[in-house]
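**Q** My questions all concern the structure below.
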Amino acid sequence: MRIEEDLKLGFKDVLFRPKRSTLKSRSQLSLTRQFTFKHTQTQWQGVPVIAANMDTVGSFAMARTLAGFEMMTAVHKHYSLEQWQAFVNSTDPTLLGHVMVSTGTSEDDFTKTRQILAMSTALRFICVDVANGYSQHFVEFLRKIREACPNHVILAGNVVTGEMVEELILSGADIVKVGIGPGSVCTTRVKTGVGYPQLSAIIECADAAHGLGGQIVGDGGCTCPGDVAKAFGGGADFVMLGGMLAAHEECGGEVVDVDGTPFMKFYGMSSSSAMDKHAGGVADYRASEGKTVLLPYRGPVENTVRDILGGVRSTCTYVGASQLKELTKRTTFIRVREQENNVYGKE
């Protein structure tokens, strides 16, 4: 046993230090980035924000809407092959370039993923998603899918430390998903005592990935546009959002009427709700590591997206970054004990 004495930080522990800027307006600023991926040497250009591969967020409808903002959607793995075929047949190939096909690590998942990818050459991205990216089985599956899909960009996770980021990149991942326990409907840290404050995880994992020519996704922990900006400032190449995009028209979640007010059900993918729906219940050997909440129905997602992107643009102008790529180079975080004035309630 040993204890690491270094203090690890989350988004709530810091603020950006403002700096001189030559920008006259937020409208001068571009959030579009272009990436070249390590293993395929292919390129992608767009706004590097991804809707999470949760079945109450990463829907086909969400993918269609977010593609209009040049953003990405990691479509959840629970759609059938028939549903995928209908989506591909009715969707422009350009839009499919903003879609990730999500998969688990079972043999059935592997077979299904290859069948989906065969539907269109425009489906370029694979999201290999497990709660614990530290298992040897996960690494072996990653090598297997890299060998089977040499021309596809692979996103894999989740992990929170540099040495495992390096392991995944060397095993075939182009992008590594970073985050254990920070999500709004995740209870892993409570049930297991395992986790890592998200900002420190991003900073350390970005350093490891960039040294090998890979990228990272900051997955989880963002509660407001300022947190999204902090993730980018800490070195994340992409940011994945679940709760911030939940309870919208495009989510496809269950709408519940409470005293005449519509709410939408939102739950973690390791919650009892998810396991009841997709696995026939919580297995005897495990505990639920997610919760189920009712969120006020928020209508179309486009207004929320504009608010998020507008906040990140504003951050860039405050620190003098003329494009999103420059944000991490212009970032100085200050440690704080307060974030905002809540005398009249939270924003």
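A Cβ is built for glycine as well, from the same backbone N, Cα and C atoms used for every other residue.
Pulled these from Swiss-Prot:
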| type | residues | note |
| --- | --- | --- |
| ACT_SITE | CYS186 | active site, thioimidate intermediate |
| BINDING | 108-131, 216-239 | NADP(+) binding site |
| BINDING | GLY181, GLY183 | K(+) binding site |
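Surface or core, plus neighbours and distances: that's what I need for these features.
**A** When Cβ atoms from all protein chains are considered, those within 10 Å of CYS186 (active site, thioimidate intermediate) total 25, not counting its own.
Within 10 Å of the Cβ of VAL228 (NADP(+) binding site) there are 24 other Cβ atoms, across all protein chains.
All protein chains included, GLY183 (K(+) binding site) registers 27 other Cβ atoms within 10 Å of its own Cβ.
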**Q** Spatially, which candidate from the binding-site residues ASP108, SER120, ILE126, GLY234 is nearest to GLY183 (K(+) binding site), comparing Cα atoms?
**A** GLY234
**Q** Where ARG114 (NADP(+) binding site) and CYS186 (active site, thioimidate intermediate) are concerned, what is their Cα separation in Å, rounded?
**A** 29
